[in-house]
Amino acid sequence: MGRYFGTSGIRGLFNECVTPELALKVGKAVGTYLGGGRVVVGMDTRTSSETLKSALISGLLSTGVEVIDIGLAPTPLTGFAIKLYEADAGVTITASHNPPEYNGIKVWQSNGMAYTPDMEAELERILESGNFRKVPWNEIGTLRRADPREEYIRKALEMVKLNDSYTVVVDSGNGAGSILSPYLQRELGNKVISLNSHPSGFFVRELEPNAKSLSGLAKTVRVMKADVGIAHDGDADRIGVVDDEGNFVEYEVMLSLIAGYMLRKFGKGKIVTTVDAGFALDDYVRPLGGEVIRTRVGDVAVADELAKHGGIFGGEPSGTWIIPQWNLTPDGIFAGALVLEMIDRLGPISELAREVPRYVTLRAKVPCPNEKKAKAMEIIAKEALKSFDYEKLIDIDGIRIENSDWWILFRPSGTEPIMRITLEAHTEDKAKELMEKAEKLVKEAVRRA
């Protein structure tokens, strides 16, 4: 991890870590890296996004880049526009699910996949050097504005077909998804009820679409007797789902269900997920001809493995899904359309979810300054291997140790000053016992680091 880029691009507090001055330099660095070309730029609804976008575009133009500004746009729309306009790259101004005082910058390749760590490292090198490409007055890049929403919906309707109409409640969380997700659902032929659908940087609910933040969505689904509720984070690269009974469907369960549906839709193949995904996915997709491949946390790692192995679906247990037949950009909006197609073909989610194996999953966060993370992980690795009776070790991203009926993942956050502990066990007592031991170990490691 470099000075600027984490697991999801550049992210931090506006006017502290992420400033207009930095955005200007990032624009220059991207233009220098590309040597010109064409770049699509979009932003989320945060109050600071317009300021950062303007600075970034200035930097791009100064290096001779042609900029297509699509304005307020969910991340999936930026990824789609990159391919639609045959751009060399794309940039999104967003902090995704982080609180409103945060913002960030994420760069995308011409195929819709996020920049890899190696590509980001090269951008960092250019940023640090200050040796930016400069063009004369008559070669400054051109700026034009575009709106790819109509084309996005048209293409999506070619891939997703419904036989019946459903009542869908869409909670966009005041984020960028509000300009697209409800409209796609309506064009699919559904009756749409919108919540938090006015774009605003003053978010009404917590942006991460989880059981707590979606209590309003769940209540609306029950009251309106809707078939499903769909929610997004700030840039709509994630999806959260509430079933027809008004219950939030755990990320692990939805990941398994949609992976299984993709296997039914496209035939047997490889499913890519991350090291923090549990046993349920493997157990659910194996009978359907699915082979699970695990990789580092982050959509770029998932997209990279999908491309390498020709996988048919990739997703994280955070509601981040990548559908390679559509794009290599994580897309919560297109995912919502697929959820409706799954309901149309297989039945209510409440019934489908009962088929997914359930294990006990616990998560914890331990505060840890960023400068202590590397040393703390060294201590954790050494102590965890001594303290737990494990059968398998995966160290591609943090430390994951497994036994036949449990696993634990110790991993430093790439976006926050915390250490994350994720674990799963077959029983609640075992899960609590493991978490108590794991938390104690991590707190001691941070203290010693």
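Using the three backbone atoms N, Cα and C, a Cβ is placed for every residue, glycine included.
Per Swiss-Prot, the candidate among Ser96, Ser387, Ser404 that belongs to the Mg(2+) site alongside Asp233, Asp235, Asp237 is Ser96.
Compute the center of the Cβ atoms of Ser96, Asp233, Asp235, Asp237, which mark the site for Mg(2+); besides them, the chain residues with Cβ within 8 Å of that center are Asp44, Pro74, Thr75, Thr94, His97, Gly175, Leu207, His232, Gly234, Ala236, Arg238, Pro330, Gly332. It is 5 Å from the Cα atom of Asp235 (Mg(2+) binding site) to that of Ser96 (active site, phosphoserine intermediate). Other Cβ atoms within 10 Å of the Cβ of Asp237 (Mg(2+) binding site) number 33 in total over all chains.
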